[in-house]
Amino acid sequence: MPKLSDLTNYTFLEAQISEFFNIISQEEVVKGNLLGILVAALIVIGVWFYAKKPSKGCLDPKKFKEFRLVKRTQLSHNTARFRFALPKPTSVLGLPVGLHIRCRGRDSQDEEVVRPYTPITLDSDVGYFELVVKMYLKGRMSHHFREMQEGDYLHVLGPVGRFRYKPGEVQAFGMLAGGSGITPMFQLTRAILENPKDNTKIRLIYANVTVDDILLKEELDGFASVHPDSFKVYYVLNQPPEKWIGGVGFISKDMIKTHYPGPAPDIKILRCGPTGMNKAMAAHLTELGYAPEMQFEF
Ligand SMILES: Cc1cc2nc3c(=O)[nH]c(=O)nc-3n(C[C@H](O)[C@H](O)[C@H](O)COP(=O)(O)OP(=O)(O)OC[C@H]3O[C@@H](n4cnc5c(N)ncnc54)[C@H](O)[C@@H]3O)c2cc1C
């Protein structure tokens, strides 16, 4: 117990007051720290939930949306790879495998033109999507892509299409692609090969004029060497180079018979190419006994 004389002693009082405030301020610091930790934890949990939340995607099937071209890579004299940024680095395009997008641009007469394209990226590629586009000399949308510079915006609508892939729905796909018709096949092939639970087999016949016209050849050859059992590719050229081991001319019935599984309910043959090629392929397939439900044209 302090004595009365102590209480009148200034130094003693000063020490008591100082100790009192010291305790208060230590408690405040502890309280403050706890509050800070709580707020930080809530922020971390919020960010984690936000990142985990499945993104709805960036497309609208009824309205064209704009995407900025961030990288353009010339692949050959008439083909380029275009990378478009999605609104956020965590965004996904939201395009189910098997479907495509519609791109809107302006032709050389400044008239509006809309054409279908299939990104070579999947929704596992976050923050961007990529198109590989072959630009034809007289092509209307080709003109738009030829003129596009990094920083420009492309108008895109989607998803569009009738082919929606469900893993395991068939035992094998036969794919018939011509020129830029490879892109829907490429998208589907990537989705199958990147899913370890999907054992679907893929046999691709890919037709072009010259060896330089073959799009995504490095990637396709890579798939064939990494997944030799699941994926096989057979190239066919109109104008082959010397020492060519692939097919020559147009895709024939014999080539289809040699490289594809025979007609069966769990087999599907997909085709995408110029109109003339698609018609010729439909006739070959029907003559070889593939029923209409075993065929699909993109
Ligand atoms: C589902 C689907 C997905 C597609 N995805 C892609 C893709 O990812 N990348 C891509 O580059 N293309 C793709 N295409 C093709 C694309 O839609 C256009 O048809 C192509 O870009 C040509 O359009 P254009 O307006 O420039 O030519 P157009 O003005 O329609 O045609 C003008 C001329 O160009 C030539 N031409 C056009 N198309 C072809 C062709 N296929 N083969 C040979 N000559 C042709 C012809 O000489 C034709 O007369 C896809 C098509 C479909 C159906």
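Every residue gets a Cβ built from N, Cα and C, even glycine.
Lifted from TrEMBL, the feature list:
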- 34-51: transmembrane segment (TRANSMEM)
- 62-166: domain 'FAD-binding FR-type' (DOMAIN)
- R115, P116, Y117, V132, K134, M141, S142, T183: FAD binding site (BINDING)
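On the structure: features taken from TrEMBL.
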| residue | record | Cβ contacts under 8 Å, 6 or more apart |
| --- | --- | --- |
| R115 | FAD binding site | R102, C103, R140, M141 |
| P116 | FAD binding site | H100, I101, R102, C103, V160, G161 |
| Y117 | FAD binding site | H100, I101, R102, C103, L131, V133, T183 |
| V132 | FAD binding site | L75, T79, A80, R81, F82, I120, S180, T183, L215, L216 |
| K134 | FAD binding site | N78, T79, S142, G179, S180, L215 |
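Apart from R115, P116, Y117, V132, K134, M141, S142, T183, the residues listed for FAD, the same chain places the Cβ atoms of C103, L131, V133, F145, S180 within 8 Å of the centroid of those Cβ atoms. Mapped onto three states, the DSSP output places T183 (FAD binding site) in helix. Residues listed for FAD, R115, P116, Y117, V132, K134, M141, S142, T183, cover a largest CA to CA span of 16 Å. The 10 Å shell around the Cβ of S142 (FAD binding site) contains 21 further Cβ atoms across the protein chains shown.
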